[in-house]
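Have a look at the structure below, then the notes.
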């Protein structure tokens, strides 16, 4: 078998008709875990429905439809393998909740694949002021997705077909935009492809022999291997807390940083409750330690279910334990708010697993969202497209961290009127020390 390949997460972004589904479907179809029988069934259905354009989007449409109907799709269907990596495609962004998911992210993407429609009119629509290309790229960068591959898609439909001139024009324009966002275009591969015909997806295309760079598959193999933050202090935001007969209280969540293991003394923020971890389980198997990315349940002693809630964060009691945030200052980008936002605005913040109302206590500065330079001190308000530094105060106890130290606990979505109206990253946190926090006997013994 040899060493198992590294797992990486990829987020596919781009304008609505750029061909994201077709391209992703194609990769999954050719390299992925979709059972041949399933494919044959899809192909037959596609033929019956006269969908000549079946190719690959159909695969993804079927998967999505089944997923949305609540049929649990084997997640392997969203995976494919390159020579070097196991790749998982995280939430394709056609989804309403894409932005929220990308932030509270079940997983941080290691690389964004930006799909561009190269056809006449298609490219212009995607990159225009209202197009999603810009917003997605800005979001990816703000949320710390530092690597990117850019696919100039639909090269089979440019005028003339497979036009080098069109490719060059697009690379020039997209590079200048990505540079403004903060990416370094010299480090980005621009791969001319056809997700539909398959040019340069996996094999080199003779139609594009003027292009000397990597195919999409090769570009994926050139992604820098991500470093997983297991050497940082533990942060494990709770998703749920169960009471299990004969075992006791079992909090469940995903290790974001650090490790958790049996025998450890953990402190839960924001309350400061401290106790010993008896056992750690993943998929019903006991673990000696759980690492970042692992979804685990762990059993704690002498703790009632009511003492823990979703959004609490487990941490090592001696290693920078998680504490309540009295206030925090964040860089916020306003995305789709119809009016203007001033001091006193009180939306809901989705940060890691917590969902808590906060107050915009003070608009500190308005900044240029690309360069980060200050434009104005203490602005009266922020509106769509603006970025600013904002001091926020939670209305209930909550744990947040700075983005630089604990990224998954330092990025958030601002929700109001049932949509994401802003995104932000936390620059500094003023923490409160817990008063009268309970320390269980098991933990006291360990001290």
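The chain as shown is numbered from 1 upward.
The backbone N, Cα and C atoms fix where each Cβ goes, and this holds for glycine too.
Per Swiss-Prot, the features are:
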type	residues	note
DOMAIN	5-230	domain 'tr-type G'
REGION	14-21	region 'G1'
BINDING	14-21, 91-95, 153-156	GTP binding site
MOD_RES	55	N6,N6-dimethyllysine
REGION	70-74	region 'G2'
MOD_RES	79	N6,N6,N6-trimethyllysine
REGION	91-94	region 'G3'
REGION	153-156	region 'G4'
MOD_RES	187	N6,N6,N6-trimethyllysine
MOD_RES	261	N6-methyllysine
MOD_RES	289	5-glutamyl glycerylphosphorylethanolamine
MOD_RES	306	N6,N6,N6-trimethyllysine
MOD_RES	362	5-glutamyl glycerylphosphorylethanolamine
MOD_RES	396	N6,N6,N6-trimethyllysine
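Feature annotations (Swiss-Prot) mapped to structure.
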{"residue": "155", "record": "GTP binding site", "Cβ contacts under 8 Å, 6 or more apart": "118, 161, 162, 163, 166, 167, 192, 193, 194, 199, 200, 207, 208"}
{"residue": "187", "record": "N6,N6,N6-trimethyllysine", "Cβ contacts under 8 Å, 6 or more apart": "147"}
{"residue": "261", "record": "N6-methyllysine", "Cβ contacts under 8 Å, 6 or more apart": "277, 280, 287, 288, 289, 290"}
{"residue": "306", "record": "N6,N6,N6-trimethyllysine", "Cβ contacts under 8 Å, 6 or more apart": "none"}
{"residue": "362", "record": "5-glutamyl glycerylphosphorylethanolamine", "Cβ contacts under 8 Å, 6 or more apart": "343, 378, 390, 391"}
{"residue": "396", "record": "N6,N6,N6-trimethyllysine", "Cβ contacts under 8 Å, 6 or more apart": "356, 357"}
Within 10 Å of each Cβ, count the other Cβ atoms, then let me know which of the recorded positions 20, 79 comes out lowest. 79
Test of understanding: give the count of other CB atoms lying within 10 angstroms of the CB of residue 14 (GTP binding site). 27
Rounded inter-Cα distance in Å - residue 14 (GTP binding site), residue 79 (N6,N6,N6-trimethyllysine): 20
Output, ordered by sequence, the same-chain residues six or more apart from residue 17 (GTP binding site) with a CB under 8 Å from its CB, or 'none'. 117, 122, 125, 126
By a three-class reduction of DSSP, residue 14 (GTP binding site) is assigned strand
Per DSSP, how many helix, strand and coil residues does the region 'G4' (153-156) have? 2 helix, 1 strand, 1 coil
